[in-house]
Amino acid sequence: MFRTAVMMAASLALTGAVVAHAYYLKHQFYPTVVYLTKSSPSMAVLYIQAFVLVFLLGKVMGKVFFGQLRAAEMEHLLERSWYAVTETCLAFTVFRDDFSPRFVALFTLLLFLKCFHWLAEDRVDFMERSPNISWLFHCRIVSLMFLLGILDFLFVSHAYHSILTRGASVQLVFGFEYAILMTMVLTIFIKYVLHSVDLQSENPWDNKAVYMLYTELFTGFIKVLLYMAFMTIMIKVHTFPLFAIRPMYLAMRQFKKAVTDAIMSRRAIRNMNTLYPDATPEELQAVDNVCIICREEMVTGAKRLPCNHIFHTSCLRSWFQRQQTCPTCRMDVLRASLPAQSPPPPEPADQGPPPAPHPQPLLPQPPNFPQGLLPPFPPGMFPLWPPMGPFPPVPPPPSSGEAAAPPPTSTAVSRPSGAATTTAAGTSTSAPAPGSVPGPEAGPAPGFPFPPPWMGMPLPPPFAFPPMPVPPAGFAGLTPEELRALEGHERQHLEARLQSLRNIHTLLDAAMLQINQYLTVLASLGPPRPATSVNPTEETASTVVSAAPSTSAPSSEAPTPSPGASPPIPEAEKPPAPESVGIVEELPEDGEPDAAELRRRRLQKLESPVAH
């Protein structure tokens, strides 16, 4: 306060000195005025004195219409004034050809009236937070709104007639500025009426928030239209109004916020009426039954939010007009009620097992897959797995006296039913008889959660997948820059973490692809083949010996025939039974004999000369 008084006294003394010096030089009134207006230093001193007088006038009018200004009102006034001064300086650059003392005075008056519009808006908003409003407050606000409305209308009318008579000039800017101030006065007046009606009623007015929301929506739409028309006219008749960019952006943002609030509030109120249950008397007794919005006890008509906080229905309706969060925990009620609106997705188990497109061959149980080697994977974990239903249980192993028969597949090597398999050591094991019961069929490998292999799905080409990244050995292999790139909450840190997850996903896909290839190769191998000798004559002789059925074990091995001589046939040897011969001579389904059948025919040709 003391600094302000010193500055005003210094400005007054400097102005008196300049006027006295000019009068001392000219000795007459009119030449003194001409000298002051033509001298730049004298005009600068006079401008400073004019600003001081405007400041004093503002102080006086503030005391009359507002009394003591609150700290929040002063803060808002200073914050908006700095932006207004900056926009005024930009307007001076746009209208530099019209720069004159009258032009500066008009902009100063516009800034002066804007300050009172802002103070009136803050003071009317204070009515909602103040329980006691005196009659002096009503008289001040009503008289100020009446005065501001009259001044705005007069300046708009003056600018309109000036544009009609003199054409487009700087009055175009003042006309639109005062028109926007008129919409502000209209908004202040509607809010004042709504607050006054609410103060007169004993109970809180539930529909006040609705009217205020639609009032802001209506006046915001008018402001956006005015700014768009002003920008269009200024660009067409003068130049681009750079000083109007910020207020136009603020008006558009405020209008967008009003539209969003209207939509979200209606959605929140609809959810409150349809989704949120009414609070029971037991729930009200279990918690503090005081509504934190209105500070009154809740007896009936209370709603329970998804966060289990309870409020009055009318209080929640008024609260949701402004924000869609819980008044206590600030939980987003729209996001919390989103899963309740959408039905849950059906479980994959309800769909049942998918139908098998083609009969798939069964794999023999490999000995190198112990039980529980691989744990079952959760469904949908890897994109390469096809959807599958429940898997059949693994059949029990065959008894010690029975041998599992290999499945007759096209990929596995088939053997005759009555033939015995000869091992590398020379011992032979007899196969089951044709009339015997076959052993249990082999199922999927134990420990695998899928029936291998994918016979109906072709393998993708190896170049269809992205190159596999090299997995790091640990954090010790990362540089400090790479570690810092993974830490933090900024965008580059999130992108680094997402890239790491993509690398992990690629490695898992590559591992599943290799498992798929391994199982496909394993399915095509079939049962293990016996070890064969290098000499073809010995192989032929061993096959002949194994092909002859015997009821008792031989005491000694059959002699190996020399090359070129046919082997002797024992007297007790008999031709095979017709049933077994018929079974042996059966061909596969495709009509072509396999390797075992061809070998049997060659043996028959070798035996035919000896038999005769």
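Along the chain as shown, the residues are counted starting at 1.
Yeah, the Cβs are placed from backbone N, Cα and C, and that goes for glycine too.
Going by Swiss-Prot topology annotations, Pro41 is found across the membrane from Arg330. Of all Cβ atoms in the protein chains displayed, 24 besides its own lie within 10 Å of the Cβ of His312 (Zn(2+) 1 binding site). Mapped onto DSSP classes, the region 'Interaction with SEL1L' (21-42) shows 19 helix, 0 strand, 3 coil. Note: the Zn(2+) 2 site is recorded as Cys307, His309, Cys326, Cys329; in the same chain, Leu305, Pro306, Asn308, Pro327, Thr328, Arg330, Met331 also have Cβ atoms within 8 Å of that site's Cβ centroid. A Cβ distance under 8 Å defines the sequence-distant neighbours of the transmembrane segment (42-62), meaning residues of its chain 6+ beyond its ends; these are 7-8, 11-12, 14-15, 18, 22, 35-36, 69, 101, 104-105, 108, 112, 115-116, 119. Counting same-chain residues at least six beyond the ends of the transmembrane segment (5-25), those with a Cβ under 8 angstroms from any Cβ of the stretch are 32, 35-36, 39, 41-42, 45-46, 48-49, 52, 55-56. Between the alpha carbons (Cα) of Cys315 (Zn(2+) 1 binding site) and Cys326 (Zn(2+) 2 binding site) lies a span of roughly 12 Å. If you draw a 10 Å sphere around the CB of Cys315 (Zn(2+) 1 binding site), it holds 22 other CB atoms from the protein chains shown. Following the DSSP three-state reduction, the secondary structure of His312 (Zn(2+) 1 binding site) is strand.
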